[in-house]
Every structure is written in C-alpha cells, then in structure tokens.
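Structure, as structure tokens:
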C-alpha cells in the first residue's frame with residue numbers, strides 16, 4: 001500500500017491579537033472553507049453560516065480549532081490575522097494530529113533504508129544536492145538505529161525527485177510558492193518517496209528555499225512522523241529558515257522519531273556519558 005502523503009508548504013504565522021476587518025467576502029469565505037476542509041477536517045467543513053445539520057464539520061468550530069492550533073486569538077470569526085495565515089503558502093499535510101506518527105504507526109522494518117535521487121534540480125550542483133540530502137538524513141540516523149544508503153539505479157525505499165506541476169502521483173505541484181514538496185509515509189510503492197517542486201528556487205542559504213530544511217522535514221514524513229504544533233520543531237507545519245550549520249534534530253522531533261524507532265546506540269551512549 002502506498003504511504004500516506006504529506007506536503008510541505010510555507011506559512012508565516014501571526015501571533016498578535018485578531019485585527020477587526022469588514023465582513024469577509026464570499027471569496028474569502030469559500031477559500032477558508034476549502035482550507036479548513038483540507039487541513040483541519042477528515043470529512044469536510046460546511047459552508048459558513050450553514051444552519052441545518054449535516055455530516056460535515058461546523059465551519060465555526062473548525063475555524064476555532066485552526067486559530068487555537070496556530071496560536072491566534074480564538075474568535076471563531078474570519079478576522080484579518082486568520083485570513084493572513086490561510087492566504088500564505090503552508091504545509092499541505094493535515095494539522096488535525098498533534099505530532100508524532102501517522103495512524104497505524106508505519107515504519108521501516110529494516111536496519112538500512114535505501115534512497116535514490118532520480119533527477120537533480122538545476123539550482124544546485126549534483127554534488128551539493130547529494131551532500132544536502134545525506135546531511136538531512138543523517139540528523140535522523142544520529143538519533144535512531146537506522147542507516148541510509150544511497151543507490152544510483154533501480155528502486156530505492158525512498159525515491160527522491162524534482163518535478164514541476166503534474167508529476168504522476170495525483171498530487172500536482174502548484175507553481176512557484178505554495179506547495180514546496182511532499183512525501184509519503186513508509187510503505188510499498190510510493191511509500192517513503194519525497195518529491196520537490198522544481199518551480200521553487202532551491203538554495204543552501206536563507207534565499208529562496210533551503211533544500212536541507214525542506215528535505216529534513218519531508219524525510220520526517222518518510223520515516224512516519226506527522227506534524228508538530230511546537231513552533232521550534234522541524235515538523236512544525238511551516239517553512240522557517242534557521243541556520244543549518246551544526247543543525248541537530250530538535251527535541252520534539254527527536255522524541256517523536258525515537259518513539260517509533262527507539263534510540264541509536266550512539267545516542268544512548270552519549271546520554272549515559
């Protein structure tokens with residue numbers, strides 16, 4: 001079975017109080033309904049101001065859930081801060097779970113997971129991409145008893161590609177901005193695969209989108225992690241640039257991935273010392 005899909009997008013979250021605005025337009029309300037249905041509901045969200053009961057989640061209740069998740073003032077109203085968060089690109093995987101791992105706890109039942117980069121972005125040299133992907137995987141192998149081995153032909157556990165728009169997995173990218181990448185949870189077929197939007201500008205700096213940070217987030221999904229609402233976590237549903245020199249897996253992510261795979265012997269030895 002193919003793994004569950006998780007998608008990386010960018011969001012900048014406002015933490016100030018709600019700012020009053022005029023009544024939101026019908027277009028704003030429709031966009032909000034779509035946003036809440038995609039990210040905060042398993043069954044979909046009813047249209048705003050719907051009175052009759054339905055099988056769909058309540059718009060107002062789901063909006064409050066979203067506001068609470070992002071640390072916004074919980075008003076149940078589509079205020080300007082809420083619309084700002086919704087309007088900015090963000091991670092496309094659902095936020096209804098707190099952190100940790102996908103339902104059923106999918107994981108790799110092997111000590112060595114293979115990966116293959118099937119094509120390369122022209123934004124960086126092949127050597128830079130290889131080194132960056134290896135670095136992004138190493139932050140996990142440093143803390144769990146799992147090793148990663150790059151192969152150059154055939155089918156790997158984690159197939160990595162750079163493509164734009166429709167790329168054959170029924171989850172097309174949306175052009176520059178918005179969706180940055182997506183990955184599948186461990187499993188057969190596409191399980192574990194990670195796809196990066198070639199319409200983005202991939203860099204190793206604070207300009208454009210830092211490939212290491214996005215790849216490290218996606219590999220968390222490829223190992224079975226879902227999102228965290230801890231702002232400092234790598235698996236927080238947003239892209240925020242941080243210095244990648246000497247980067248180590250934040251505590252929340254380390255606890256999450258070790259809950260699935262256990263601690264590596266080096267991690268255990270380090271804690272004992």
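Every residue gets a Cβ built from N, Cα and C, even glycine.
In TrEMBL, annotation is done automatically, which means it is predicted and not curated.
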Motif 'Cysteine switch' range according to TrEMBL, out of 65-72, 73-80, 81-88, 89-96: 89-96
According to TrEMBL, which candidate in 157, 166, 174, 199 joins 191, 193 at the Ca(2+) 2 site: 157
Alpha-carbon spacing, residue 193 (Ca(2+) 2 binding site) to residue 182 (Zn(2+) 1 binding site), which is rounded to whole Å: 8
Candidates 195, 221: member of the binding-site residues with the richest Cβ shell (10 Å): 221
Spatial neighbour of residue 195 (Zn(2+) 1 binding site) that is closest, considering only the recorded positions 123, 217, 218, 221 and their CA atoms: 218
